[in-house]
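Undergrad: According to TrEMBL, the protein has these features:
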{"type": "TRANSMEM", "residues": "16-36", "note": "transmembrane segment"}
{"type": "DOMAIN", "residues": "18-438", "note": "domain 'Major facilitator superfamily (MFS) profile'"}
{"type": "TRANSMEM", "residues": "57-78", "note": "transmembrane segment"}
{"type": "TRANSMEM", "residues": "90-123", "note": "transmembrane segment"}
{"type": "TRANSMEM", "residues": "144-163", "note": "transmembrane segment"}
{"type": "TRANSMEM", "residues": "175-194", "note": "transmembrane segment"}
{"type": "TRANSMEM", "residues": "256-277", "note": "transmembrane segment"}
{"type": "TRANSMEM", "residues": "289-305", "note": "transmembrane segment"}
{"type": "TRANSMEM", "residues": "325-344", "note": "transmembrane segment"}
{"type": "TRANSMEM", "residues": "350-368", "note": "transmembrane segment"}
{"type": "TRANSMEM", "residues": "380-402", "note": "transmembrane segment"}
{"type": "TRANSMEM", "residues": "414-436", "note": "transmembrane segment"}
{"type": "COMPBIAS", "residues": "446-464", "note": "compositional bias 'Basic and acidic residues'"}
{"type": "REGION", "residues": "446-496", "note": "region 'Disordered'"}
{"type": "COMPBIAS", "residues": "465-475", "note": "compositional bias 'Polar residues'"}
{"type": "COMPBIAS", "residues": "480-490", "note": "compositional bias 'Basic and acidic residues'"}
Amino acid sequence: PAPAEAGRVPGPPDGGWGWVVVFGAFVSIGFAYAFPKGLAIFFKEIQDFFGTSYSEIAWVSSIMLATTYGAGPISSILVNRYGSRPVVMFGGLLCGVGMISAAFCTSILQLYICVGFITGFGLALNLQPSVIIIGKYFLKRRPIANGLAMAGSPVMLCTLAPLNQFLFDNFGWRGSFLILGAILLNCCVAGALFRPIGPGTALVKTQVTEEGKDALKGKITEDGPMENKTEEEGEKDCFEKVNQYLDFSLFKHRGFLIYLIGNVLMFLGFFAPIVFLAPYAKHTGIDEYSAAFLLSILAIVDMVARPTTGIVANSKWVRPRIQYFFSFAIAFNGACHLLCPLASSYTGLIVYSSFFGLAFGMVCAMLFETLMDLVGAARFTSAVGLVTIAECCTILLGPPIGGILIDTFGDYKYMFIKCGAVMVLAGTFLFIMNYYNYRMLAKEEKERKAKEEDPKSVRTENEGKTNWNKDSTQDGPELEPLREKGEGIKMEMNGT
């Protein structure tokens, strides 16, 4: 047998090549989050080109975001099976193919397929492996690493917003899509940086698996064929394989359920304001470059907010109660949207974009850190997959509902009020339920310690075992036939 030390999983290095991995995740996560928002620059022109309404054009970003989140379980399964590196590289290839194909679309339905589904699925294969591999490389510095990696989104958005406007002015939306497809191929380079960690563990696991198979074959040869058991074991193996990639027992986890419900509600109003920010500015009479600059302001503030939030969340005062901080960030985000209709001038929109960037960065920096804090690193891969598949429904409906409100009332303020109210409600729900969860965890921990420290409970258990042994050896009428049979066997063995 292999030495005991060989089977141990190596601890996260918390540095070294991990910072290179953070840079790769910075690029990959940046494209996954910022690209659907940056496409809003082209919406007004594509809408005029195809003659569609606000709600119809909003489905492009909506389908892309929903596919990015809805393909979470598929991404988790592929990561567990093949690792983060090949999955991200394949995702970058899909992104490039999707955007290059979109440049030749002749209808809005074709845009839904190329930009929404193909590019969205490629972004899903970029997002989840990047988040998962950071948890394998970092433990003590994980909130800081997550904050730095998540800062890729505002940096990319700050770059893509003016770049998209420049590309559109010079090449049109079709030429811009061709160039953006080539740019997205850089995700393949980012994925190449994701070096697998812990190769020794995989070798030991393979040896143990082979030894187990050999032992099973030997047992079947000795005992003979087991036709009835094979079918049952086959069904059990199938369920175990599915549960190996997606741990459905998480739906019994109280903290996970609270996080899931709060986030599903939050995403109903999370992305719509940023999708409609530039069109709203153009609707009020602001020129294209000034409207695109609002996204850049949001991205610059977001860029500073994410690593700063990671440092604050890693402090000894915040990290033990990080769920409260996350709840506050969501409610603060909603309050910004509720006050947005008061910003009627360009200066007011700049102030709104600044506060929106701060709140948006705070939420995004803690989005996955809070989930890992609840379920742990071992179950995080499955948790991400299950959360994203549940969130994709509200992500899909959020921007189109905002577009319907704009089409119905002819005003953007009702869309911002709807998003703000939903997010304030989600933040309040998470704050109350996390308070309840912390109280229950403290109570359960107190009961567990009391049970371990109480000598009476230990003595009672020992006495119970002793009494059970005594009772099992006592004579009784039901044991009389067994005792007589035992005496008869002894007499035969003695030759009497």
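Note that Cβ sites are derived from N, Cα and C of the backbone, with glycine treated the same way.
TrEMBL annotations: computationally assigned, not manually curated.
Quick one: how deep are these features, and who are their neighbours?
TA: Long-range contacts of the transmembrane segment (16-36) within the same chain: residues 61, 64-65, 68, 88, 92, 95, 119-120, 123-124, 126-127, 129-131, 133-134, 137-138, 145, 148-157, 160, 180, 184, 186-187, 189-195, 271, 275, 299, 364, each at least 6 residues beyond the stretch ends and with a Cβ under 8 Å from a Cβ of the stretch.
Summed and averaged per residue, pLDDT over the domain 'Major facilitator superfamily (MFS) profile' (18-438) gives 79.
Long-range neighbours of the transmembrane segment (57-78) within the same chain, counting only residues 6 or more positions beyond its ends whose Cβ lies under 8 Å from a Cβ of the stretch, are 32, 35-37, 39-40, 43, 46-47, 50, 87, 108, 111-112, 115-117, 119-121, 123-125, 127-129, 132, 245-246, 267, 271-272, 275-276, 381-382, 384-389, 391-393, 395-400, 402-403.
Same-chain residues lying 6+ beyond the ends of the transmembrane segment (256-277) with a Cβ under 8 Å from its Cβ atoms: 36-37, 40, 58, 61, 65, 69, 250, 291, 294-295, 298, 327, 330, 333-334, 337, 340, 353, 356, 360, 363, 367, 370-371, 374-375, 383, 386-387, 390-391, 393-395, 397-399, 401-403, 406, 412, 415-416, 418-423, 425-427, 429-430, 433-434, 437.
Here the transmembrane segment (289-305) has long-range neighbours at 34, 37-38, 40-41, 151, 153-158, 161-162, 164-165, 274, 277-279, 281-282, 346, 349-350, 353-354, 356-358, 360-362, 364-365, meaning same-chain residues at least 6 beyond its ends whose C-beta is under 8 angstroms from one of its own.
Under 8 Å from some Cβ of the transmembrane segment (380-402) lie the Cβ atoms of residues 55, 58-59, 61-63, 65-67, 69-77, 79-80, 124, 128, 131-132, 135, 245-248, 250-251, 256, 259-260, 263-265, 267-273, 275-276, 368, 371-372, 374, 415, 418-419, all in the same chain and six or more residues away from its ends.
With a threshold of 8 Å between CB atoms, the same-chain residues lying at least 6 positions outside the transmembrane segment (414-436) that come near it are 258-259, 261-263, 265-266, 268-270, 272-273, 276, 323-324, 326-341, 398, 401-403, 405-406.
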